Amino acid sequence: MAAQIINGFELAKEKRAQLAKEVEQLKREGIEPALAVILVGDHPASQSYVKAKQKACEEIGIRSILLTFPNDISESFLLEQIARLNKDRSIHGILVQLPLPSQINELHVIEAIAPEKDVDGFHPLNVGRMMIGQRAFLPCTPYGILYMVQSLQVDIIGKHVVVVGRSHIVGKPVGQLFLREHATVTYCHSRTNDLEAITRQADILIVAVGKPKLITSSYVKEGAIVIDVGVNRLENGKLCGDVDFDDVKQVASYITPVPKGVGPMTITMLLHNTVQAAREQHK
């Protein structure tokens, strides 16, 4: 029996409708949630991502401010702009679109954002708080993945979650979020021995490595939930994930497609964090 599709597009639509109501309520209280987005250079993918984020903000009533700078700006100049936004009480969230040019240290930039405005959830203080279970802004893609799995109404407690990939943005934090939900978590990466033997043990398999169709049905246990975070463009121009969708859907119980899987939830959780930031800063 083929897997049921986890439609991230529809889930995102439902969550955004809820967020739009929260924004309306905040505005009635005299609070207009606002997100500042910084874009450095003219990288086409970055421009596309920023456009999508701004459109999503507009749809639910969040004010978004775009600051664009040329590729050759200095790190000190960028840090000055962030410092200014940190002090601006009308701005509740700050997002710097990555990657940045080579002359700018990304960690310096992330650390410069005030933790209470770090709606990407990348600041070391937010990461640390997440690790020990304190209230924090959670990184958007991992948070979106957890939301998707929870939407299935499955009991996560005691489930074996296998995460393929160990990036700071997805792999590491998503494992921590499931650990907080009392799952048993295993991390796999490029140096893992016998990857297939480990992934076949997963009740929930999360793949985020950027290798087209790496995971086939032989890597997946019958009835597993499969979350595909990868977005890869094939030579024919089509998008595909890290999971061979047509093959794996024959054995999984639930699976996310690419596109319209995890992607829409990432932006939705950015909106969620921005609304939360506005509420927290006006307590």
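Start at 1 and count along the chain as shown; that gives each residue its number.
Placed from the backbone N, Cα and C atoms, the Cβ positions cover glycine too.
From a predicted model like this one, the values you see are computed outputs, not experimental measurements.
Annotated NADP(+) binding site per Swiss-Prot: GLY165, ARG166, SER167, SER190, VAL231, in sequence order. Its Cβ placed at the centre, SER190 (NADP(+) binding site) has 10 other Cβ atoms within 10 Å. According to DSSP, SER190 (NADP(+) binding site) sits in a coil region rather than a helix or strand.
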* Taking the Cβ of VAL231 (NADP(+) binding site) as the reference point, list residues of the same chain whose Cβ is under 8 angstroms away and which are at least six residues distant in sequence. => LEU239, GLY241, VAL258, PRO259, GLY263
